[in-house]
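Straight from TrEMBL, the features:
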- 1-40: region 'Disordered' (REGION)
- 17-30: compositional bias 'Polar residues' (COMPBIAS)
- 86-116: transmembrane segment (TRANSMEM)
- 128-148: transmembrane segment (TRANSMEM)
- 169-189: transmembrane segment (TRANSMEM)
- 233-253: transmembrane segment (TRANSMEM)
- 265-287: transmembrane segment (TRANSMEM)
- 313-335: transmembrane segment (TRANSMEM)
Amino acid sequence: MSNIHATYHTAEELSEKSSSGAQEVANDQQQQHHHAFQRPHRQAGQMELGLASIVQDRESPRSVVPAAGLSDMEFRKRWEQWRPELLVACVGEILGVIFYVSFGGFSLATLIVTTYAGSPQGSLLNVALSYALGIAFAVIIAAPLSGSHLNPCVTISLWLYKGFPAWKIPIYIMCQLLGGLLGGFLVVACWHDELLAIAAELTAKGKEAVIYSASGPAGVIALFPTPGRSYGAIFATEFIADFLIGLVIATHLDSSNPFVSPVSAPIMIGLAYFAMIVGLASGDLATNTARDLPTRMVCAAFFDPRQCFPPRYSALTALTNILATLLAFGMQTFLLSDTRRPPAPVAHHFLLEEEKRKHDLHVKTHEDMLDRRIQKVISRGGDPSALEAKRTISRMP
């Protein structure tokens, strides 16, 4: 004989089950009857589509109306099945470097063009902040697509210290160089007439050397050494800046560091560049081969190619950052991190458990002390209600 087990529910449970079932039916009907391209009807209390969508699927009491349109079409899912993942990564690297190069170039062009016009708009701080924000936006955009290397020295360091596939290195570097090339052309596209006009004016005054300097029109596109500075000083400036930036980047890849997070990484890395540009840009600073080499090619397309490629300086700015970043990653790997440390979320969980244990111990200690006081009052024939009230208050969340 088979056993039959009856399941009983209270009236409250039955009411909740009935209401939840009705809600599910309503949701299904809503999904079936709304137009395939148009989002469903927005319910009272739901937030509209837009930036508010970032709260979807997170711990939030607010909900966002489901999206539709092209982003929810069957074609998109088929395209995602077909498109190569390497293509997505390449697009991420190209776009990221475009952001970095163009944001800084736009700001620098504004400063130089308005300075020659007699009404300077901006300063080194503006240029540094533009580069920093460009890097932050680049990291945010490219990180889910390609890992957001954005720099050949980072790609090479990740291969050596993190096991990045060797066959992808030339592909990533080519994409980074292409992004720098396109970013340089964007800057010229916006300021072409003004830059050539300034160059013609300087040529007419016999100041052609100024064209190919940090304060000249070609300096908006490419980097040039400061006259009178030795190559030893230029190398020291470049190496120190690249090493410190590389250390910040490597530290943000350490999952055991509780002071870094995916949310803070783009801003912190951008601020590292900001600090180095503000402090060392006047001492000839490149920091990124993808920023330096392609923009020289752009410069050569509009100005004298021989002047756009100073032999020793071009080699120094293109290669120093690779050496410095490799050493920075090495220091972080062998001196500043420890494989015995748990990942930060695990360490945080253990910390919370320990704090909870301490809290429970403190609560029990207070409860025991209060019990002894209540017993003492009762033994003397007193009224313990006031102490009992304290027990109730201590148990409140």
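Here the Cβ of each residue, glycine as well, is placed from N, Cα and C on the backbone.
Automatic, uncurated: that is what TrEMBL annotation is.
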Quiz prompt | Distal contacts, the transmembrane segment (313-335) - CB-CB under 8 A, six or more residues away | solution = 151-154, 156-157, 160-161, 223-225, 231, 234-235, 238-247, 249-251, 254, 284, 286-289, 292-293, 296
Exercise. State the non-local partners of the transmembrane segment (265-287) in its own chain: residues 6+ outside its ends, Cβ under 8 Å from one of its Cβ atoms.
Key: 124-125, 127-129, 131-137, 139-140, 143, 214, 223-226, 229, 233-234, 237-238, 240-242, 244-245, 248-249, 252, 313, 317-318, 320-321
Quiz item: Short question: which residues 6 or more past the ends of the transmembrane segment (128-148) have a Cβ under 8 Å from it?
Solution: 88-93, 95-97, 99-104, 106-108, 158, 172, 262, 265-267, 269-271, 273-274, 277-278, 281
